[in-house]
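Visitor: Mind having a look at this structure? Questions to follow.
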Amino acid sequence: MNLTLSNPTAPAPDSADGGTWLACIDCEWTGPPFDEIRYRCPDCDGLLEVRYADLPTFDDFAKSEGRGVWRYADALPVESGVSIDEGDTPLYEVPTIEDEVGVSALRVKHEGMNPTGSFKDRGMTVGVKVAEKIGTDRLACASTGNTSAALACYGTRAGTEVLVLLPAGKVAAGKVAQASLHGARILEVDGNFDDCLDIVSELANRGEAYLLNSLNPFRLEGQKTIGLEIVEQFRDQTGDLPDRIVLPVGNAGNTSALFKAFRELVAAGELTPEEVPILTGVQAEGAAPMVEAVETDADFVRRWDEVETIATAIRIGNPVNAPKALPAIRETGGTAIAVTDEEITDAQRALAGDGIGVEPASAASVAGLRKLRESGEISADENVVCLTTGHLLKDPDAAANAGVEPEPVPADTDEVLEHLSK
Ligand SMILES: *Cc1c(COP(=O)(O)O)cnc(C)c1O
Ligand SMILES: [Zn+2]
């Protein structure tokens, strides 16, 4: 394996602050982490990532007094966050699905068990804290729903104004309800997610707000802890490491964050390059620009202007983190696959059958695993973790449509028995 981005141990530049700095992934630019607001490289417009002079080991984490995401504070750019106990989500066994697909071991990392019901909380506990440190009075994001729910919650807790831009009519009910009750100012844009992100990025560039989409490198640091937890939990449960992680891909922030977690574990001497799990991305057929890029071996991802899928959380045509995520998939020997809405709904039912309630985008991971087992791309002797990103209650309409129909009956025991006997 050729981990070309695996140099988080480059010597600290003068601009480093407490051993932490920002670096461009495409050129030699480095800069201070908190002195000025930057989302992209000032020299080449490339994506930025956070770098550290010291990389912690699992022994360091074991000594930590923090919980959840903050158990991994030594691997994060700030010592503590705006926190409501995010992270430390369960790694579930799924016996029925494991039997059905036939792999050595299958686990589901259920990120729907975070405080607001998605992994976005892991990014926000860090990102909102950094915003506080930098000193901003308005936080903003574009969102397919979960980012807005998490930002509304964490931003409000930090006492900061929150502005969210949502694609009108395309956000699941639970997510809008959360953003609304936590008091965000919600703008419903007559356009898709990518249009919302274009607008909010421009607002951020004009200094109107601090941007907390996954373009923000600090947010991805929080999401990195998913990878650290998976390694520790999988080892505890099976004595082994996962060979592969299958995950839904929208803006590809998680794909990038997991890869960074593993690169840093390699640099810290905790994993060999061969032990890094194979990252396998899944998109919906109607919104699959990453899959197209992987299949055609392209150097960049082509923006899809028209996107559609039941999995609204990944209804994204222009994944901003593609320059980080393509190497993540390629250098770990992974792949990307598209699944239909029907396959997503089937997988959502299968997960529910093993007791795990997820929203449609999350089920894409299991739908992708099924398909790649059928094609033989994933072999029977692999240890696999599927990432489920959001909770069932996020999208009650999709759940009700995928589930069984309620049966109306009169308020009378005999008539209820009569009904049941039919
Ligand atoms: C945000 C989100 C995704 C997409 O994650 P990326 O990191 O943008 O690829 C997938 N599923 C759910 C439920 C989400 O909220
Ligand atoms: Zn650059």
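Counting starts with 1 at the first residue shown.
Heads up, the Cβ atoms here are built off N, Cα and C, so glycines get one too.
Since we're looking at a predicted model, the values are computed, not measured.
Copying in the features that TrEMBL gives for the protein in this structure:
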DOMAIN    83-390  domain 'Tryptophan synthase beta chain-like PALP'
MOD_RES   K120  N6-(pyridoxal phosphate)lysine
BINDING   N146, G250, N251, A252, G253, N254, T389  pyridoxal 5'-phosphate binding site
REGION    397-422  region 'Disordered'
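In the displayed structure, how are the listed features positioned relative to their neighbours?
Guide: Averaged over the domain 'Tryptophan synthase beta chain-like PALP' (83-390), the predicted model reaches a pLDDT of 97.
The Cβ of K120 (N6-(pyridoxal phosphate)lysine) lies under 8 Å from the Cβ of N114, N146, T147, A149, A150, L151, each on the same chain and at least six residues away in sequence.
Taking the Cβ of T389 (pyridoxal 5'-phosphate binding site) as centre and 10 Å as the limit, one finds 30 other Cβ atoms among all the protein chains shown.
Nonlocal intrachain contacts for the region 'Disordered' (397-422), taken as residues 6+ away from its ends with a CB within less than 8 angstroms of a stretch CB, comprise 172-173, 310, 345, 348-349, 352, 357, 359-360.
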Visitor: Find, among the binding-site residues listed as N251, N254, the one whose Cβ has the highest number of other Cβ atoms within 10 Å in the structure shown.
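Guide: For the binding-site residues N251, N254, the Cβ with the most other Cβ atoms within 10 Å is N254.
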Visitor: Any idea what DSSP makes of K120 (N6-(pyridoxal phosphate)lysine), helix, strand or coil?
Guide: helix
Visitor: Please find which two of N146, G250, N251, A252, G253, N254, T389 have the most distant C-alpha atoms, given that the record lists them as binding pyridoxal 5'-phosphate, and give only that distance in angstrom, rounded to a whole number.
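Guide: Largest pairwise Cα separation, rounded: 14 Å.
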Visitor: What three-state secondary structure does DSSP assign to N146 (pyridoxal 5'-phosphate binding site)?
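Guide: For N146 (pyridoxal 5'-phosphate binding site) - judged by DSSP and reduced to three states - the answer is helix.
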